[in-house]
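Visitor: Pulled from TrEMBL, these are the listed features:
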REGION    143-191  region 'Disordered'
COMPBIAS  152-162  compositional bias 'Low complexity'
COMPBIAS  170-189  compositional bias 'Acidic residues'
DOMAIN    191-243  domain 'PHD-type'
Amino acid sequence: MDGGAANYNPRTVEEVFRDFKGRRAGLIRALTTDVEDFYQQCDPAEKENLCLYGFPSEQWEVNLPAEEVPPELPEPALGINFARDGMQEKDWLSLVAVHSDAWLLAVSFYFGARFGFDKSDRKRLFNMINDLPTIFEVVNGTAKNNPKEKSSVSNHSSTKSKANAKPPPAEEEGLDDEDEDEEDEDDEHGETLCGSCGENYASDEFWICCDICEKWFHGKCVKITPARAEHIKQYKCPSCSNKRARP
């Protein structure tokens, strides 16, 4: 286990938050985009007490826990592989996601305690973290804050892949003022979250929607370019492409 974690000590609120976001991005990738690889690495027959680590570099790793007692940093949940074959895959991933959320908070506030964050610093750090959806919310698709988005996507279904420079806004009726309409559209887009990294929509980025689970993704997160999307009749995100019946 490396990832630069052992020697990396963020000392300010901003540095700790960047550390949090990097680790979070790696964990989300493991549980969404790279879920097939993650599932296979958690085979309970191979090793014992496996942990899922996220690194500031946005990478992830399944490995044995640290040998040091006490460890340099708080450790993730032990033995995530033991429950894998005794649960439905979705439930197991949700369980790992919840423990990953708890671990991220533990690491961030460990740094806060170690480097003497006062009450104001701790509150600011928590608020910055709390503005992001949890890993559990991203993995379960509940991170979308716009209740109209689901029906909007369904109404736009067609044989052509839902690939756009931006997600479609929820449909509004009775709005004659174009400025008001555009303002509402921007607000609705801003609440759309990437199913891979969990970050908000940005108007200058290419997005694509999965025709199966109807989640939106940054093109860069799922390695789809606008040119490639033009030739896709039905887009399946990595999670839907890798889904198969589990014993």
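The backbone N, Cα and C atoms fix where each Cβ goes, glycine too.
Keep in mind the model is a prediction, meaning the values are calculated, not measured.
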Visitor: Over the span of the domain 'PHD-type' (191-243), how high is the average pLDDT in this prediction?
Guide: 82
Visitor: Provide the three-state DSSP residue tally for the domain 'PHD-type' (191-243): helix first, then strand, then coil.
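Guide: Output for the domain 'PHD-type' (191-243) reads 9 helix, 8 strand, 36 coil.
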